[in-house]
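Engineer: Pulled these from Swiss-Prot:
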type	residues	note
TOPO_DOM	36-259	topological domain 'Extracellular'
CARBOHYD	ASN47	N-linked glycosylation site
BINDING	ARG100, THR163	4-aminobutanoate binding site
CARBOHYD	ASN144	N-linked glycosylation site
CARBOHYD	ASN157	N-linked glycosylation site
TRANSMEM	260-280	transmembrane segment
TOPO_DOM	281-284	topological domain 'Cytoplasmic'
TRANSMEM	285-305	transmembrane segment
TOPO_DOM	306-318	topological domain 'Extracellular'
TRANSMEM	319-341	transmembrane segment
TOPO_DOM	342-517	topological domain 'Cytoplasmic'
REGION	350-381	region 'Disordered'
REGION	397-435	region 'Disordered'
REGION	452-471	region 'Disordered'
REGION	495-515	region 'Disordered'
COMPBIAS	502-511	compositional bias 'Pro residues'
TRANSMEM	518-540	transmembrane segment
TOPO_DOM	541-554	topological domain 'Extracellular'
Amino acid sequence: MVSAKKVPAIALSAGVSFALLRFLCLAVCLNESPGQNQKEEKLCTENFTRILDSLLDGYDNRLRPGFGGPVTEVKTDIYVTSFGPVSDVEMEYTMDVFFRQTWIDKRLKYDGPIEILRLNNMMVTKVWTPDTFFRNGKKSVSHNMTAPNKLFRIMRNGTILYTMRLTISAECPMRLVDFPMDGHACPLKFGSYAYPKSEMIYTWTKGPEKSVEVPKESSSLVQYDLIGQTVSSETIKSITGEYIVMTVYFHLRRKMGYFMIQTYIPCIMTVILSQVSFWINKESVPARTVFGITTVLTMTTLSISARHSLPKVSYATAMDWFIAVCFAFVFSALIEFAAVNYFTNIQMEKAKRKTSKPPQEVPAAPVQREKHPEAPLQNTNANLNMRKRTNALVHSESDVGNRTEVGNHSSKSSTVVQESSKGTPRSYLASSPNPFSRANAAETISAARALPSASPTSIRTGYMPRKASVGSASTRHVFGSRLQRIKTTVNTIGATGKLSATPPPSAPPPSGSGTSKIDKYARILFPVTFGAFNMVYWVVYLSKDTMEKSESLM
């Protein structure tokens, strides 16, 4: 029989034992948890490996999905990361894209705890993938840095997602008739290389409107604006069958700022500069020649430089027409100056012929001498010197005037005549040259014009007044009419020593100065015509829809 004192001690020991047992169980559980997690993880990895091995077990990547059965449908979409540049000379464009393809391969169905198997590019080589290629691509590059930029995913129902990062250089046919106000639709065409549409077709993943995405920040174009894109599909026939071709059109419109600064404004300023020559005097031949030649050379340089940024097309562009018309205006300004100079020279030649027409020559009439006692002495020599003879007459007249103041007029007059005739030696008169010869024409004219003019009254009465004294009346009667005839004859002698019917012209020939009528018309006609051309040109091309249609490229 157990005593009452031992009962509490037994109960206490039982409670301690239960607590120790619980502690030991907890310690055992804690020691077994890491191993169990690792085991579960090991079991999960083994499950994925088992799943992939089971998928590839007996899988032939040389055969398309549904081989021999239904058509394989490949859904595609494109995300553009960078668009540009666009080369007009090469007629191509470059862009970076994420090219996505989706199809269903029932051979890759699986059952597992994970919805999507996210795999790397190593799996791509072990399964079938579409043989998509870009029909108008000149060069396509798949990026491999730092590893091949490829994404591959398998879903439970066998749907495959395959994404690649590509840089594509594709052909862009351009018709540059409206250059630089043109717009282009650059296509990107892709399809199957080997499978006809009876085996594989392409469709858009998100429909025609949203399957191609081009963010605004992705377009880095200098000469173009990317205004949108459209998609389409078509069937192409070949000797191997009919193939489905998917096409994306990127619509580009050219920016005109560069060409306005580089070509249009310089051409307009050159034409205006060529028309400044119309306001320069037509006698300034060097200045107008420099204007014309400089502007023609400038237009030639501009036309050559404008073609550097274009392919060597065989047709004329809108810029070519503008440059050609500007060149025609500049060249016409040079031709206009040539015409002005030509007609001015003709007018000057006609004026010179009128003013320099030689006067009608008349034979010199012999001077008739009055009969007086000294006539036999003077007729002994036919070549009497007119200048010496005139000086002798003037000297005799002066002596007679001095003697008139102290003596009788009639007696001293006869004495003067005798002294005058005696004072001239016969040998001197005989040796004197002909006063009307060419050599002595100038001297004779000077001597005769130095004589005082005689009025009709003095000629008739033989009396001529003097400043210091009055001449003899008898001397004027004897020599007055002769002196008058000599002076009249000398005044009719021209510069060549010949007698002329009319005196030489006093006004100089016209120099052709002034403004030409051609210049007056050109000052109005050229600017008005050039302004009208610019108005028509810009109205036509700016209001015209120059964007290429997508249908024209198909």
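Glycine is treated like the rest: Cβ placed from N, Cα and C.
Provide an account of the burial state, proximal residues and distances for the features listed.
Structural biologist: The C-beta environment of ASN47 (N-linked glycosylation site), restricted to residues of the same chain at least 6 apart in sequence and closer than 8 Å, consists of GLY112, PRO113.
ARG100 (4-aminobutanoate binding site) is surrounded by 17 other CB atoms, counting those within 10 A of its CB over all protein chains shown. When secondary structure is read from DSSP and collapsed to three states, ARG100 (4-aminobutanoate binding site) falls in the strand class.
Secondary structure at ASN144 (N-linked glycosylation site), as computed by DSSP, is coil.
DSSP gives ASN157 (N-linked glycosylation site) a coil state; it is part of no helix or strand.
Taken residue by residue, the topological domain 'Cytoplasmic' (281-284) breaks down under DSSP into 0 helix, 0 strand, 4 coil.
For the transmembrane segment (285-305), same-chain residues at least 6 beyond its ends with a Cβ under 8 Å from one of its own Cβ atoms are 262-263, 266-267, 270-271, 273-274, 276-277, 320, 323-324, 326-327, 330-331, 333-334, 337, 341.
Here the topological domain 'Extracellular' (306-318) has a mean pLDDT of 89 out of 100.
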Engineer: Given the recorded positions ARG100, ASN157, THR163, find the one whose Cα is closest in space to the Cα of ASN144 (N-linked glycosylation site).
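Structural biologist: That would be THR163, the closest of ARG100, ASN157, THR163 to ASN144 (N-linked glycosylation site).
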Engineer: State the residues, same chain only, that lie 6 or more residues beyond the ends of the transmembrane segment (260-280) and have a CB under 8 A from a CB inside it; answer 'none' if no residue qualifies.
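Structural biologist: Counting only partners 6 or more residues beyond its ends, the transmembrane segment (260-280) has Cβ contacts under 8 Å with 287-288, 291-292, 295, 298-299, 302, 305-306, 319, 322-323, 326, 329-330, 333-334, 336-337, 519, 522-523, 526-527, 530, 534.
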Engineer: Do you know which of the recorded positions ASN144, THR163 has the most other C-beta atoms within 10 angstroms of its C-beta?
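Structural biologist: The residue with the densest Cβ neighbourhood is THR163.
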Engineer: Using the alpha carbons only, what distance in Å do you get between ASN157 (N-linked glycosylation site) and ARG100 (4-aminobutanoate binding site) once rounded?
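Structural biologist: Per the Cα atoms, ASN157 (N-linked glycosylation site) and ARG100 (4-aminobutanoate binding site) stand 19 Å apart.
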Engineer: Once the DSSP letters are reduced so that anything not helix or strand counts as coil, what is ASN47 (N-linked glycosylation site)?
Structural biologist: helix
